[in-house]
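Sequence annotations record features per position, and here TrEMBL assigns region 'Disordered' to B:459-478. The transmembrane segment feature in TrEMBL is assigned to B:45-68, B:80-108, B:120-138, B:166-188, B:228-247, B:267-287, B:308-330, B:350-368, B:375-400, B:420-441.
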Amino acid sequence: MDITHPELYGYLAGFKTPEELVDAANRAHEAGFRRMEAHSPMPVEGLAEAIGFRKNRIPAIVFLGGLLGGLGGFGMQYFSAVIDYPLNVGGKPLNSWPAFIPVTFECTVLAAALSAVVGMILLNGLPLPYHPVFNAPEFARASSDRFFLFIRWDDEAFDEVETRTFLEGLNPETLSEVRP
Amino acid sequence: MANEKNERESGGTQVAPIIGPGHDFTSVTDKISDVVLTKGFKKQWLIGFAASFGLLQLFLVSVVWLLANGTGIWGLNVPVMWGFAIINFVWWIGIGHAGTLISAILLLLRQDWRTSINRFAEAMTLFAVACAGMYPILHLGRPWVFYWLMPYPNTMALWPQFRSPLVFDVFAVSTYATVSLLFWYIGLIPDLGTLRDKAKHRVAKVLYGIGAMGWRGSARHWSRYQTAYLLLAGLATPLVVSVHTIVSYDFAVGIVPGWHTTIFPPYFVAGAVFAGFAMVLTLAIPMRAVYGMQDFITDRHLDNMAKVMLTTGLIVAYGYLMEDFIAWYGENEYEHFMILRNRPFGPYRVYYWGLIACNIVIPQLLWVRFCRKNVIVLWLISMAINVGMWLERFIIVVTSLSSDFVPAAWEHYTPTVWDWSLYLGTIGVFLSLMFLFVRVLPAISITEMKELVHEVQHREGHGQGRGNEHGNGDSSHA
């Protein structure tokens, strides 16, 4: 098989309910499959764990974003009021930090929110206009009412015949080959 | 959820459902996406959009006339230099707050009835904030240099005054607008994927496809998505409180009788939620009737919103009462005059008593179950509150400015036709955007409705041992 242009990208098994999909994903993980993906029209509890997804870096990214935003916001005001443009107002301290809190807070929230969204989009590898899985005709229902397990050709345990047999054993509603 | 269970167990009474009976994944998807993907327009939609679009033209005319002639076309005068621009700014910003409250705070509180109204309310927030943001910018007199408010390296070597609430406002409102947009868009991504997959028309497919960014609903994607969404909700919650608090600083920090009070931040936030829920009801009641969405925006939703309105209305009433009490107890002659004599008996007394009627007296009807159940009565009450909250801002801005410390400097404020035309114009902008929104994007979150259906099925399955039978999405526990 050509490594860069596989003729068969993988197998896509469709299920009717989220419970069947979680069950199938667990069994595929037990069978040694690692490069697989589960597609559902809504978040399904336990599905990400079932396909072996552990590292969710979003919280760390948001925390860092917020921290930088807050420090940056306060730093900007400090620089403006104390270093770059000191202005004595009624003998009050130049670093009048209580007055800087609202802007610092807004900058924290803004940076944290932007990092949550941008982090989520980039870690998910979006925007991605083309993906072979869209070629399977029944995949159109993955966004409305069907649940899919997808095993990729580059999985170490993948075998054109055996994997198909394994998936058939899970009693899917549909089973099809995905070609790029 | 938990509440519902408790109520059921303790009282044994049947709780109204949050989703109509007989829905499953397919029916929910079809029902919501059909509104967007069917050809042609409903007659009510066309009439409504045409009227709003007409008002939008009025907005354009008003803005052009303003840019050509300056703020002198408004009724502003020397003591009353804020007038309609600030009244309407605060009014619109307040309306926006219910959207964030519904989508973020109720999400964190696990109130699953929010699901079918949050998308709609978020859109309302976004458009209301857009309308709000236009006022201070147009009020600048030279709106084309509004970016001077932002700290950026400039040839004038100037910084904004970070100690001023007016600069806090710039940061608060722009952050609020950005975060609301992000929250709304993030929520839309999976639904845009659904529309992309269901659309028949090539152009619609491509446009929704661009919006969906190639979303495939993969479990890894969902995992990150849910975390990001929850964190955004957590960030939006203190944000929404901060925004109206900062808006109230615009007043409270000024040493002007009637403004300089510490009750302002909490009662502004409560007032914002009060006004916002009134606007959600004003829009949701006609929309659900026109599109037959009674299964998703049920009577229970209207009832809950009415209760939130009643509660926040009482907080607002407490705010007015405290203002009066402190004016009497504090013995500051200016404040005493402003709050206890000028507002109720002065030249703007009609506005004042109108505000008391609309914000305090009429909402008390919501104690009566009939008024919360009857959609027409409820709609009329919500309209009264929209008007009342506008009058409240009018009273706060105008009375305090028009008669301050020295009677020789007092001046009466009369809005001109251009004040009114710009106000009506922004209502046109808001409604036009709302009409376009319900026509081209799913007004109810398809994804979250499916989660709700699943949850309801699951709950039923446990309660009655029915297993995972589909097509029984009835949460009425019948």
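Note: Cβ is positioned from N, Cα and C throughout, glycine not excepted.
Outside the transmembrane segment (B:80-108), and at least 6 residues removed from its termini, the chain residues within Cβ reach (under 8 Å) are 71, 74, 114, 117-119, 121-126, 128-129, 131-132, 135-136, 138-139, 173, 176, 180, 183, 187, 230, 232-234, 236-237, 239-240, 243-244, 247, 250, 268-269, 271-273, 275-277, 279-280, 389-390, 393-394, 397-398, 401-402, 411, 413, 415, 419, 422-423, 426, 430. Contact counts against the transmembrane segment (B:350-368), taken as Cβ pairs under 8 Å, peak for B:308-330 among the stretches B:45-68, B:267-287, B:308-330. Between the transmembrane segment (B:120-138) and the stretches B:45-68, B:166-188, B:267-287, B:375-400, the greatest number of Cβ pairs separated by less than 8 Å involves B:166-188. Note on the transmembrane segment (B:420-441): residues 35-36, 41, 45, 48-49, 51-63, 66, 84, 88, 92, 120, 123-124, 127-128, 130-131, 134-135, 138, 188, 191-192, 283, 287, 291 of its chain, located 6 or more positions outside it, place their CB under 8 angstroms from a CB of the stretch. Away from its own ends, the transmembrane segment (B:267-287) comes close to residues 44, 91, 93-99, 101-102, 117, 120-121, 124-125, 128, 241, 244-245, 247-248, 293, 297, 301-302, 305-306, 308-309, 312-313, 315-316, 318-320, 322, 359, 375, 378-379, 381-383, 385-386, 389, 392, 434, 438, 443 of its chain (Cβ-Cβ under 8 Å, at least six residues beyond either end).
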